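Engineer: Submitted below is the structure of interest, expressed as C-alpha cells.
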Amino acid sequence: MGSQAYRGRFAPSPTGPLHAGSLVAALASWLDARAHQGQWLVRIEDVDTPRCLPGTGPAILQQLAACGLFPDAPPVCQSRRGALYQQALDRLVATGWAYPCGCTRQDIARALAASGQARQRHGELVYPGTCRQGLNGRPARAWRLRVDKNEQKSAFAQAVQALIAIDFIANSSTGLMETEVTWQDRLLGRQHQNVSRDVGDFVLRRADGLWAYQLAVVVDDAAQGITHVVRGADLADNTARQILLQRALGLPTPQYLHTPLVLGANGEKLSKQNGAQALDTSRPLAALNQAAAVLGLPPQTGDTADALAAWVNAWKDTACRPHAPLS
C-alpha cells in the first residue's frame, strides 16, 4: 500500500487520562503514520457512555499535544455517530447477518449448562445461538451478528484480501458449521480464531440500547478511511470479529499491528481499571522515552520535536523496531 494512501488512527476511550501504556499505542500509531508519510487521526471512543468520565476527551487531547502528537484532522467522538451505526445494523438485518436476542446472562448460562457447554471466555459467556430461530414471544433485548452465515462463503471468497482468510469448517462433534478467521499481524505474525467456538454470535447493540464496541469501530474505521490500525496487543482478540463484520458489511479490512503492552508491578497489563497513574506531561520527553523503549526505539535527548523526528527515522529501520518492514 502506497504511503499517500495511508491513514492511521489512535482511538482512546475517555474512561480516564492517558497513562504509560496508552502512550505506547499513541506513539506507535503516530510514528507509523509519519513513517508512511500518511495521516494520523484521533477518535474518542466514548460509545460506552456510563464508563466515560466528563472532560476526559479534551484532557486526552491536551496530553497528546503536550507530547507533540497532533492529529491531522479534528477528532471525532463516537457518541455523536449513532446514525451511522444504525444504518450499519439495518443493513446487517436486511441481509440476514443480524438478529434480535431476548436472552439475559442468566438465560445464556442456563442454556450452556443444559447443553454441557459451560463455556466462558475472558469473563464473558460464549453465546450458544438460542435466538437464531426467533424470540419465542420474548421481547428483543439486544442485536447479534450470526457468525456462521456460511451461505455467504462465495461472497467472502471474492472479497478476501491477501493474508486474510475466512473458512467455514464442520465441527466433528456437533456437525455444525463454524467460522475461523485467519489474518496476518505485522508484529505478531499469522493469527487465527474460531469465532463460532471462542465467541459465538456477538452483540452489535446492547440490551441497554448502547452500541457495541465491535460495530462502532468497524463502521468508524471504514467511514474515516483507515488503512492501518496500530493498537495495543490487548485488542488483538477483537480483530477476527471486526474482520467478520467488515466482510458482512462489504467494507475494506485495514492492516493490523498490535504493539507490546506495558505491565504493572503485579505482572498485569497497565490500565485505568487497575489504577494506572495518569501520564506526567510536565516531562513529556521522559514519558516518550519510556514509551519508545517498549517499542524497541533508542532513547533521545534534546527537545520533543527532535526526538520524534529521530524516532520516525528509526521506525523505518527494521533493526530498530520489532515489527515487519513497512508495507
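Glycine residues also receive a Cβ, built from the backbone N, Cα and C atoms like all the rest.
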Engineer: Which candidate from ARG186, ARG190, ARG197, ARG231 does Swiss-Prot annotate alongside ARG9, PHE10, ALA11, PRO12, SER13, GLU45, TYR213 at the L-glutamate binding site?
Structural biologist: ARG231
Engineer: May I ask you to indicate which of 79-83, 269-273, 279-283 is given in Swiss-Prot as motif ''KMSKS' region'?
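Structural biologist: The range carrying the motif ''KMSKS' region' annotation in Swiss-Prot is 269-273.
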Engineer: In the motif ''HIGH' region' (12-22), how many residues does DSSP put in helix, strand and coil?
Structural biologist: 3 helix, 0 strand, 8 coil
Engineer: State the count of C-beta atoms found within 10 angstroms of the C-beta of CYS101 (Zn(2+) binding site), not counting that atom itself.
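Structural biologist: Taking all protein chains shown, CYS101 (Zn(2+) binding site) has 25 Cβ neighbours within 10 Å.
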Engineer: Using C-alpha atoms only, work out the spacing between ALA11 (L-glutamate binding site) and CYS103 (Zn(2+) binding site) and round it to an integer in Å.
Structural biologist: 31
Engineer: Using Cα coordinates, what distance in whole Å links CYS103 (Zn(2+) binding site) and TYR213 (L-glutamate binding site)?
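Structural biologist: Cα-Cα distance, CYS103 (Zn(2+) binding site) to TYR213 (L-glutamate binding site): 19 Å.
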